[in-house]
Amino acid sequence: WLTWNLLAKADLAALWSTSGDGTMPFASGFDIAIAMPLSWLPLIADYSRFGRRAKSVFGGTAVGFFIGNVWLMSLGVAYTLAFAPSGEINALLLALAGAGLGIPLLLILLDETENAFADIHSAAVSSALLSRLKVEHLALAIGVICTLIACLAPLAQYQNFLLLIGSVFAPLFGVVLVDHFILRRRSGQVAEGGLRCMSLLAWLGGISTYHLLANLYPQIGATLPALIVAGVLQL
């Protein structure tokens with residue numbers, strides 16, 4: 001529906017020729033765009049671990065994830081440029097109004113309900129490793145907490161939220177990739193006690209690097225440097 005509506009209402013040639021105003025460095029835009037896909041990587045592993053062959057699991061996940069992200073992010077950019085080109089604070093509502101309001105809101109509600117379930121379930125399963133509480137009880141508590149946060153969070157600062165989650169997940173995967181592919185060479189050994197303090201310090205080092213660069217040197221970008229710093233510290 002959203003794709004068809006855009007093709008029917010928007011001037012695609014004009015959208016394609018629209019140039020930026022230069023107020024945001026390319027590196028900052030990259031940090032914001034990649035934050036959301038990075039945040040879904042841990043959850044993907046909750047389901048891909050049940051696959052039978054590593055190559056097919058990786059290929060299916062990579063292709064599906066890439067197509068879905070490029071398609072939907074492109075729609076978001078196109079709708080914003082077509083129906084809220086001035087960057088108003090209520091740009092999301094203006095874009096949804098241009099999309100027909102009722103139907104896209106319903107589709108988003110259905111999609112986000114499924115997303116919220118997956119996120120809460122993943123958080124509950126992970127939290128259960130650190131406690132003796134049942135997964136269903138943890139899921140209920142996490143769901144209540146997340147609902148309260150969603151009600152209080154200012155939507156106008158969503159960009160800051162993306163940078164925040166990017167600062168958590170970019171260095172996290174720097175640690176994970178180096179540990180799994182270089183240090184352990186894809187073996188499944190688990191550290192005694194289940195806690196690696198040096199890995200936590202490497203992660204924190206990457207998080208600090210991310211916030212430092214994002215705030216002081218946004219033209220450099222924070223995602224890739226934070227990932228690299230965390231990976232080097234993990235060595």
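Cβ from N, Cα, C; glycine included.
All TrEMBL annotations are machine predictions without curation.
Given the structure is predicted, the values throughout are model-derived calculations rather than measurements.
Listed features, source TrEMBL:
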{"type": "TRANSMEM", "residues": "26-45", "note": "transmembrane segment"}
{"type": "TRANSMEM", "residues": "57-83", "note": "transmembrane segment"}
{"type": "TRANSMEM", "residues": "89-110", "note": "transmembrane segment"}
{"type": "TRANSMEM", "residues": "138-155", "note": "transmembrane segment"}
{"type": "TRANSMEM", "residues": "161-181", "note": "transmembrane segment"}
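Sequence-distant contacts of the transmembrane segment (26-45) (same chain, six or more residues past either end, CB-CB distance under 8 Å): 61, 65, 69, 73, 118-119, 122, 126, 159, 162-163, 165-166, 168-170, 172-173, 214, 218-223. If one looks beyond the transmembrane segment (138-155) by at least 6 residues along the same chain, the residues whose Cβ comes under 8 Å of a Cβ in the stretch are 92, 116, 119-121, 123-124, 127-128, 131, 161.
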